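Student: Okay, so TrEMBL annotates it like this:
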SIGNAL    1-48  signal peptide
REGION    94-169  region 'Disordered'
DOMAIN    178-392  domain 'Peptidase M12B'
BINDING   Glu181, Asp269, Asp276, Cys387, Asp390  Ca(2+) 1 binding site
BINDING   Glu181, Asp269, Asp390  Ca(2+) 2 binding site
DISULFID  Cys258-Cys310  disulfide bond
DISULFID  Cys287-Cys292  disulfide bond
DISULFID  Cys304-Cys387  disulfide bond
BINDING   His326, His330, His336  Zn(2+) binding site
ACT_SITE  Glu327  active site
DISULFID  Cys342-Cys371  disulfide bond
DISULFID  Cys415-Cys440  disulfide bond
DISULFID  Cys426-Cys449  disulfide bond
DISULFID  Cys435-Cys470  disulfide bond
DISULFID  Cys464-Cys475  disulfide bond
DISULFID  Cys500-Cys537  disulfide bond
DISULFID  Cys504-Cys542  disulfide bond
DISULFID  Cys515-Cys527  disulfide bond
Amino acid sequence: GGAAESPAGRQQRGRGAMGRRALLGGRAPLHLLLLCHAWALPPPPREAQPLLPARLPAPPGQLALRLAAFGRAVVLRLRPDAAFLAPRLRLQRLGGRRPPGRSPPRRGCFYSGAVEGSPDAPLQPLGQPSPGPPWRRPHRLQRRAAPPGAHPAAAPPVPATEPGGPRRRAKRFVSQARYVETLLVADASMVFHPGFACPSLSPQNHVLTLMAMAARIYKHPSLKNSINLVVVKVLVVDEAAVGPEVSDNGGLTLRNFCSWQQRFNPPSDRHPEHYDTAILLTRQDFCGHQSCDTLGVADIGTMCDRNKSCSVIEDEGLQAAYTLAHELGHVLSMPHDDSKTCERLFGPLGKHHMMAPLFIHLNKTQPWSPCSAMYLTEFLDGGHGDCLLDAPANPLSLPAELPGQGALYSLDQQCQQIFGKDFQHCPNTTEEDVCAQLWCRTGSGEPLCHTKNGSLPWADGTPCKTSGLCWDGRCFPHDALKPQPAVDGGWGPWSPWGSCSRTCGGGVQFSFRHCDSPKPQHGGRYCEGQRAKYQSCHTDECPPDGKSFREQQCEKYNSYNFTDLEGNLLEWVPKYAGVSPRDRCKLFCRARGRSEFKVFEAKVIDGTLCGPETLSICVHGQCIKAGCDHVVGSSKKLDKCGVCGGNGSTCRKISGSLNRSKYGYNDIVTIPAGATNIDIKQRSHRGVRHDGNYLALRTLEGKYLLNGDFAISAMEQDILIKGTILKYSGSMTTLERLQSFRQLPEPLTVQLLTIASEIFPPKVKYTFFIPKDVPFMQTVCTVCWGLLLEKKKCRPWFLPSPRPSCRSRRSRVGGFDKIGIPLQKPWIGLPSPPYSSVGVLEREECFISCGLSLGDNWVIWLEAGTSRGPDPGTC
């Protein structure tokens, strides 16, 4: 997919770690993680005391343990804690084979709590697994003193919110809690990898740990949204044959996985096992064209699309959590920080944010760039993340244990996950490499130590030196990482109204507030509620210049950057036809007279009409209701006469039909300037699509705007006339149609092109409205005696004449060509040659409607092969 991690060499990325060793978000006042199968830890420091807990009576749903430490009895108060697990998480294994020693994780394996009287004291399982319940295994307890000063601290868990209830639609510019319900899949390469040889570290526990780390990153306030990652189902594939087809081709693997995972997703969003996105973790190495440095693949902006909302991650230990968070960012529409749009809006963003394509260290104070936050906010405000609004029932808090603090990720285990089961941590690590760089060697005593290029720090929480813990690649004293109480965010004041987006015609101005009074800290909640408000401005009408506001935006791209093959400059005009309703606030422009089009901007300027047939306007990329008075939220509408707020009393309806025609172009009606609500329909004969009858459109100067020169437009298109759009359905439909809802700026003649009149007669109907003071006659001059050449000339609308006048002249002509009028095939009523000269001509008064312009019209009646006119009865 287009969002695959860019192959740039593991020299820079650390092969999956990408230097991103941060754990953002949460630690509570000591949260203890107890696993059903403890795993061996390195020998404890000398001051640590091996302890054997005893279980005490406790209220239902709780666990109380007593230990003897520091000369007194210490009591632990614990509760089940699995924040990253959905309440009804189900583990499913696929395939007949199952490695020995594996058992599904039980929800009771995860506990958190505090030491009575010393809530910050750390406690960890110690030594090899032993029979019996987990609380009967040796543990170590270390005394902690509160240090002066402050150092980076992880955040406590966020209090659970109430379930969202029924699925609801997101409100615009409102911060709401979102829940990304996730399917995690571990393929067979994970199940049989030597790094998971110990029963205590199963693939399912490992992928849940990765998800918990990623969930904390998404809780950071720099994302400017409340995003909660929740696991609803874990699939462990024991046999490759029953899992998705995985290869070194990351893009192909993504497509295979997206197709494969659909079978496990219940269609109803209310189903407890329905998920919003699926993530595959595999040990397969993904390769690109030049190298095998791809760490993950995902398509951008596919969240809530059950067919495409998925990603594949190459697992290389704990650092895969950052690849997971990165690829999930793509699914949530975030591009790389070095994209053209990001750099144009925010300048260079560096390589230390989560969506950097290449970086070696994560900026923990701001893991998300402002560009990532902007893209996510626009994605959610656009309604593309509405599936994330339903909260799982009774969500739990995230565990606060740092990975290195638990029993599963000792230094040796970190080495084995990356390099293989025969590796262990190098004991002769230099002072400067403690916490900063993980060096590993084979267990056979090989003196050569290995590491990954770039940055491969120890996992956060890994014990270091005498009694320290690693954090962000540095060793801190235990006391320096004392957890801080959670601080929920609060809204600041509203900003002054910003500048107006337009100078006339109805612009928009914004006021914002930010979640900074106070900012969320240590895992506190991000603000929820309205973050932006807007109002209309400069609602007066724009001077008539014959161009719409969207047309002006397209014209800005009329430059020599866009030319045809001959070097001719392309002229860009708005494109409406074929644009999805969800994309109508993007700047789609097409080359005039061509089918080529481009999306020049992801959002049109605020205040731009959403389309030619609506009064709604685009605001921040979304279509918002507005009235004809250019006010957002107004209910004022144009009446049938085109008057804003009118009652329809200032115009009259014109309608007519055409049921007979001859080969060629047949005049139907000339629509005057100022006409509104134009609707011309040609219904195919007996439902035959191509019945030989096609609508055509011509100016009074004779220029064809549609279907001229016997060339038919089969597809839907927009006809731009001085800022007004006529929508044409295309000739491929059984109901061919021309429509316009705005006032027509100039008169147009509607014609019917007929190529099979005798076989398929036409069925044309038309309606439109014109002001009552605009004269209109639907009949043309007809003279039945001989040849009458009439030149009808309209007077300007502003002259006192009550209606256009018509002058006729007598003439003796021997042929049509001698008159100097271009021959139209066929001119309505024009017989085939030869034409004869005739004698005295009759004069007849006739009128045409020219609207608000001047126009000439010639009407010719000839009789062939005779010197006398036709019988009047034949007229």
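Using the three backbone atoms N, Cα and C, a Cβ is placed for every residue, glycine included.
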Student: Tell me the Cα distance separating His336 (Zn(2+) binding site) from Cys387 (Ca(2+) 1 binding site), rounded to the nearest angstrom.
Tutor: 24
Student: Please report how many Å separate the Cα atom of Cys292 (disulfide bond) from that of Cys258 (disulfide bond), as a whole number.
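Tutor: Each residue's Cα considered, Cys292 (disulfide bond) and Cys258 (disulfide bond) end up 22 Å apart.
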Student: Where the distance is taken from Cα to Cα, which of the recorded positions Asp269, His326, Glu327 turns out closest to Cys258 (disulfide bond)?
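Tutor: Of the recorded positions Asp269, His326, Glu327, Glu327 has its Cα closest to that of Cys258 (disulfide bond).
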Student: Could you find out if DSSP has Cys342 (disulfide bond) as helix, strand or coil?
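Tutor: Going by the DSSP assignment, Cys342 (disulfide bond) falls within a helical segment, counted as helix.
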Student: Would you mind sorting out which of Cys287, Cys440, Cys464 (the disulfide-bonded residues) have a C-alpha within 10 A of the one on Cys426 (disulfide bond)?
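Tutor: The disulfide-bonded residues close to Cys426 (disulfide bond) (Cα within 10 Å), listed in sequence order, are Cys440.
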Student: Among the recorded positions listed here (Cys287, His326, Cys449, Cys470, Cys542), which has the Cα closest to the Cα of Asp276 (Ca(2+) 1 binding site)?
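Tutor: So, of the listed recorded positions, the one sitting closest to Asp276 (Ca(2+) 1 binding site) is His326.
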Student: Listed recorded positions are His330, Cys435, Cys504; which of them have CA atoms within 10 A of the CA of Cys537 (disulfide bond)?
Tutor: Cys504
Student: Long-range same-chain neighbours of Cys415 (disulfide bond), Cβ under 8 Å, sequence gap at least 6?
Tutor: Phe423, Gln424, His425, Leu438, Cys440
Student: Which of the three DSSP states, helix, strand or coil, fits Cys500 (disulfide bond)?
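Tutor: Looking at the DSSP assignment, Cys500 (disulfide bond) belongs to neither helix nor strand, so coil.
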Student: Can you tell me which disulfide-bonded residues out of Cys371, Cys470, Cys515, Cys527 are within 10 A of His330 (Zn(2+) binding site) by Cα, answering none if there aren't any?
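Tutor: Those close enough: none at all.
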Student: Average the per-residue pLDDT over the domain 'Peptidase M12B' (178-392) and send me the rounded value.
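Tutor: For the domain 'Peptidase M12B' (178-392), the model's average pLDDT rounds to 89.
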Student: Which one is closest to Cys435 (disulfide bond) in space, judged by CA to CA distance, out of the recorded positions Glu181, Cys287, Cys342, Asp390, Cys504?
Tutor: Cys287
Student: Taking Cα atoms as reference points, which of the recorded positions Glu181, His326, Glu327 is nearest to Cys310 (disulfide bond)?
Tutor: Glu327
Student: Have a look at the recorded positions Glu181, Cys304, Cys500, Cys527 and say which one has the shortest Cα distance to Cys371 (disulfide bond).
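Tutor: Result: the closest of the recorded positions to Cys371 (disulfide bond) is Cys527.
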Student: Any idea what the Cα distance is from His326 (Zn(2+) binding site) over to Cys464 (disulfide bond), rounded to a whole Å?
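Tutor: It is 28 Å, counting Cα to Cα.
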Student: In three-state terms from DSSP, label Cys310 (disulfide bond) for me.
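Tutor: Once the DSSP labels are grouped into three classes, Cys310 (disulfide bond) ends up as strand.
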Student: Measuring Cα to Cα, how far is Cys515 (disulfide bond) from Cys464 (disulfide bond) in Å?
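Tutor: Roughly 37 Å, rounded to the nearest whole number.
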Student: I need the nearest neighbour of Asp390 (Ca(2+) 1 binding site) among the disulfide-bonded residues Cys304, Cys342, Cys527, using C-alpha distances.
Tutor: Cys304
